[in-house]
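Down below is the structure, laid out as structure tokens.
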Amino acid sequence: MTAETLAHLMKQSNRTVVLTGAGMSTESGIPDFRSSTGLWRNINPRIVASTESLQKNYEQFREFYQTRMNSLNNCKPHEGHLILADFEKRGLVSLIATQNVDQLHQQAGSKNVAELHGNIVTIRCQKCGKPHAKEQFLNNSICTYCSGKLRPNVVLFGETLPSEAWDRTLHEIHQADLVIVIGTSLEVYPVNQLPSMSKGKLVYINREQTSTSLHYSFDLVLEGSAGKILADVYQELGDFEK
Ligand code: NAD
Ligand code: ZN
């Protein structure tokens, strides 16, 4: 079971969906959810990254996201992100559905990206919904229209997923011949339901097999880092395009 097998599956597939999680971004220096180091270590995201915290503990909420947003300044897409963007250009990937909120896929040049958990790069007013500049949130401003609280366009615990991104993903997943799941523990509902909604082949690329991932019947499991495995697949594909 190697990168060669995945390259072969990609050549055969007419529609390939890539589903990514925090493990796709760790090689860019962004800690994942369960990392023992970094931002999440002393913080329970279910408490801080929630609608309740936005309403009742806004200072802590704002500081948490300000820190996360500022830390993105030092991060850029890694080779794996660039390879996925190249695959899209060559007709080898139709959609990237991501749980990541860092917009590194877009920065790498991917065009068709469904942000299932929103992003922490753009800002809106919680009350009236109007968009604001990132700097206004970072400067502790309030909404210029209604004085409401500013917040990132991220999906908080207690909120539903953006319907446009979700519907687009479902549409693609239903038609996909191949779904490649990269760097996610598959523990977060409802995104973890997506792989089993596909009739296509299922591939899992992750540093480890998590307890949840063992419940899925993957056709191929590649254990290792996303960047390295994608680089191997890239090599195997040569200049193949659709
Ligand atoms: P998770 O932390 O639950 O799982 C990440 C998985 O990726 C782990 O199983 C880990 O072993 C694996 N992994 C780590 N580095 C890897 C690498 N270089 N190559 C391959 N695999 C690697 O993350 P999740 O499943 O995405 O769920 C976490 C939630 O937290 C999501 O809702 C997400 O929105 C949010 N989150 C986002 C970011 C981000 O935007 N970059 C970062 C942290 C958390
Ligand atoms: Zn407002």
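Positions of Cβ are set from backbone N, Cα and C atoms, glycine also.
Annotated features, as they stand in TrEMBL:
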type	residues	note
DOMAIN	1-241	domain 'Deacetylase sirtuin-type'
ACT_SITE	HIS117	active site, proton acceptor
BINDING	CYS125, CYS128, CYS143, CYS146	Zn(2+) binding site
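Feature annotations (TrEMBL) mapped to structure.
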{"residue": "HIS117", "record": "active site, proton acceptor", "contacts (Cβ under 8 Å, 6+ apart)": "THR98, GLN99, ASN100, VAL101, VAL154, VAL155, LEU161, VAL191"}
{"residue": "CYS125", "record": "Zn(2+) binding site", "contacts (Cβ under 8 Å, 6+ apart)": "HIS132, CYS143, TYR145, CYS146, GLY148, LYS149, LEU150, ARG151"}
{"residue": "CYS128", "record": "Zn(2+) binding site", "contacts (Cβ under 8 Å, 6+ apart)": "CYS143, TYR145, CYS146, GLY148"}
Least crowded of the binding-site residues CYS143, CYS146, counting other Cβ atoms within 10 Å of each Cβ, is CYS146
Quick test of your reading of the structure: among the recorded positions HIS117, CYS125, CYS143, CYS146, whose CB sits under 6 A from ligand 1?
HIS117
Inside 8 A of the center formed by the CB atoms of CYS125, CYS128, CYS143, CYS146, which other residues of the chain have their CB, for the recorded Zn(2+) site?
GLN126, LYS127, GLY129, LYS130, THR144, TYR145, SER147, GLY148
